[in-house]
Structures are given as structure tokens and as C-alpha cells.
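What TrEMBL says about this protein:
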TRANSMEM  12-30  transmembrane segment
TRANSMEM  66-88  transmembrane segment
TRANSMEM  100-123  transmembrane segment
TRANSMEM  135-155  transmembrane segment
TRANSMEM  310-336  transmembrane segment
TRANSMEM  342-363  transmembrane segment
TRANSMEM  370-395  transmembrane segment
TRANSMEM  497-518  transmembrane segment
Amino acid sequence: MCVYSLCRCFYILLNIHSCLFLSGSALIYLKGPKFLIYVSGALSMWGDRMWHFALSVFLIELYGHSLLLTAVFGLVMAGSVLLFGALIGDWVDRNPRNKVAHASLFIQNVSVTVCSIVLMVVFSYKYWIEQIWDGWLTVVCYTVVIILADVANLASTALTIAIQKDWIIVITGYNRGHLAGMNATMRRIDQITNILAPLVVGQVMTLASNVVGCGFILGWNLVSLTVEFIFLSRVYKIVPALSTKSNPTECESELQRELHINQIPVLTDDNCQINLHLREIADLPLCLRKFKWLLNTCRDGWKAYYRQSVFLAGMGLAFLYTTVLGFDCITTGYAYTQGISGSLLSLLMGISAITGLLGTILFTKLRKMYGLLTTGIISSCLHLACLMLCVVSVFTPGSPLDLTILSPLIDSNSSANQNSSGQSGPNSYISITFLFLGVISARVGLWSFDLTVTQLLQENINESERGIVNGVQSSMNYLMDLLHFIMVISAPQPQHFGILVIISVMFVTAGHTMYFMYARKAKRKYKPKT
């Protein structure tokens, strides 16, 4: 009996100790850098998802249910990242990690806040604004909205490069398994916010008004800015490795600081090894020196990108951006013209996020079983197979396809105007159903492939070049994205959307072919010789 009592007491004490240990471990995790990065990323992604969804609907509403204004915004956004992507990456490489994160965060949230205020004013006083300056004030407001949204996107690009392409590599201690897990978790958070954020803001806009929707986004950004700033500062303090950064161009940075003042430094080989383009700009006037340095930075960034071993994989990922088969402003705008409400659109985006979430799970399973290279091949095949449903949608009942786009421009425009004026909605929803079945199911392969290429880039790019190479990768992504906006501007009517679908599938196929070429080359390189 005594022995039984002692065993019973020992068992109880063991359970208490286990509970305390587990609670202590949970507390440590909640205070750890990974959890803080997850929460900060969730807040940022939630705000981005709400903003991108709402903005696409706002632009459609402002410009009379036409895709033109959304296409112009996409063109401006893609063009700016294309021009400044390398410079943004170079800025990320050359500055302390905390400075980059805080500055990007502040600029992004403030830009969205001010843009929301402008949109609230435009929606509230639209009729009055259209009467001023013969309607030119409306053009000014549209321009301000697009510029502010573009600045926010540039800041978001810098923040993404800093956190997701650099910080998490350092936080995981360069462990490939931990890195894959953290990449997948970040993507799952992204997909979960993609389920909830558009749903919430879509319901607010539908049940209340666009003005209330703008106010909701404004309030969210102000709160998010404060919380993210605190969390990122905490992560920077508890991970000492983040405060040190490999910088082989330290001497070059010193020279650049001197170039910002009107002094020409003494260029001697005894001081440090200086790049040739810095020697050339030293004899030019101050403004020309700065301009030429910017051009040379862009050139060097593209050269660095091209010489990476994962160049073809990155290019393949970029080609996937030349598509209208995603939940961007073009696709949501097209669905809006086909009678799909904002509330239903948000639900469809949520379903697509669930399939994207399945893609992240598929990635982790396939990577453990077959490795990164084979995971990319399987994901590519799955992605292409699902997109065939979108091709089928072009030729099914309810498709507004009009091949007169191949005729001269005048005939095309007149035919498009006739069709748009005579058709208030589709006579069948079979086509739009097939389209969204393809788009939604393809997210499984797409996000698994995206995670594969993302980790390949993380593992194969030197720390000193992470910013500029990923900046150029962002430029490549937006360059290909730019092409699909140009296509939409050339054929903005819903009757031409089917042709854009077919062209999109061709670009996606080309992108996956590039990855197949990279995988074949990589497997040959690492194949053991017998």
C-alpha cells in the first residue's frame, strides 16, 4: 500500500512537471523569433490581401465597370518594380536589416492609409468632383490613387525581400529542413489570410459601402503598422546574427557615401579594390555621378542574376506571371463583368486559398520523399494539367469569346461595343464555372512549384547578393506580369478574355519547360559518376 502511494505521488508529480515543461516550452515558442515573424507576416499579408482585393473592385467601380483602369494600374505597378527592383534589392543589401524592415513597413502602411483617405473622398463626392475642371480633377484623383498604391507596392517588395528572402534564412540557422518548414508555414499563413481577408472586406463593402470599406482598411493599416514595428524590433534583438551582415563591398559603400557630398575621393589601389564603374563616375558632376551609379547598379544586378546557377528556375517562375489565370485585379474584374458579385468573388478567392494551402502541404511531403528538384517537376505537371480546364472554358457555353479581335482595330472595337451593349450578363455560367475550376485547382501545383523555386533561390544565392538578386527576380516577375497587362490593355473587353486565357497557358508551359531544363542540368551535375 505504501509502495502504491509512493508510485501514485510520483506519477502525479511527473504529470505536473510535464505540464509545466510543456507550458514553459509553449511560452518560449511564443516569445521566440519564429512566432513573432509569423504574427508580423500574418498582419502584413492580411492588410495586403484586403487592399489588393478591394482596390481591384474600387477601380472597376470608379471607371464604369471597365477593365481599363485596373490594367493601367497593373502596368504602372509592374513597370515601377521592373525599373527599381535591382535598386531596391541593392538598398536591402547595403543597409542594416532593422533599418530596411522599419523603413519599408512605414512607407507601405502610410501610403495605403493616405490612398484610402483619397478613395473615401472620391466615393463620397464623386459627382461634385466630376464637375470641377471639366472632369480633370477626377483624372488627378485617379493618378494620385495609382501613384500611392504603387509606392505601397514598392515598399511591400522591399519588405518581402528583407523578411522572406533574408531574415528567415538567418533565423533558421541555414538549416534546409527548418527553412523548408518556415517557408511552408509563411505560405500557409498567406493562404489563410487569402481566405479570410477578402471575405471580410468583401462583406463590409457589400453590406455597407465602398467608403466604409476604405475606412476599415485605413484602420487596419494603422494598427498593423504599430504591432509589426514592435515585433520586428523584438526579433532583431533576440537573434544576434541579424545584426551582422556579410558585405564584401564595404569599401565601395564608403566611396558612395563620399559621392553624396560634393567631394571626389582619392582613388588609390592601396585603400581598397574599387569597382570600375565607381572609378568612371568619380570624374563626373554630382547629379550625373548619382545617375550613372544607379544605372550601373541595375546592370550589375542583372549580371549577378544571370550568373546564378538557378537562373533558369527563376526565369521559369517569372514566366508564370504572364497569365490572366490568377486572382488578380484582371481576373476579378472579368468575373465582375460576368455577373459574379463581390461577395461571391471573395468566397471563390477563399476556396482558391484552401487549394493553395494544400499545395504547401504537398510541397513538404514531396520534398521529404523526392527532394527539391523532383518536387518541382511533379508540381509543374500538376499545374499544367489543371489549367487545361481553363482552356476548355473558352469554348463552352456562356463564353463571351469574340474572335473579331483578329480583325482591324476599328472593326474589333465596334463589335466589342455592340456585344457589350447588347449583353447584360452571360446566358450560361458553364464557361465561368470551368474557368474558376481550373484556376482554383491549379493553385495546388502552382504554390508547390513556387515554394520549390523559392527555396532553390534561398539555398543557392550568397548572403551578400540576396537583396539584389531577389530584387532582379522581382523585376523579372513584374516584367512578365507587365506583358499580361499590355495584353489586357490591347484587348480590354470581356469578349476577348478567352484569347488571353490561351496565351496565358502558352506562357505557363514555357515557364515550366525552363524549369525542366534546369532540373535536367542540375541532376546531371550532381549525378554520381560510375
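Heads up, the Cβ atoms here are built off N, Cα and C, so glycines get one too.
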Contact check, the transmembrane segment (135-155) vs the transmembrane segment (66-88), 3+ Cβ pairs under 8 Å, seq sep 6+: yes
Other parts of the chain folded back onto the transmembrane segment (497-518), taken as Cβ under 8 Å at six or more residues beyond its ends: 310-313, 315-320, 322-325, 334, 376-377, 380-381, 383-384, 387-388, 390-391, 393-395, 399-401, 403, 405, 435, 449, 453, 480, 483-484, 487-488, 491
Residue numbers, six or more beyond the limits of the transmembrane segment (310-336), whose CB comes under 8 Å of its CB atoms: 52-53, 55-57, 59-60, 65, 67, 70-71, 73-74, 194, 342, 345, 348-349, 352, 376, 387, 390, 432, 436, 438-439, 442, 446, 449-450, 453, 456-457, 460-461, 473, 476-481, 483-485, 487-488, 494, 497, 500-501, 503-505, 507-508, 510-515, 517-519, 521
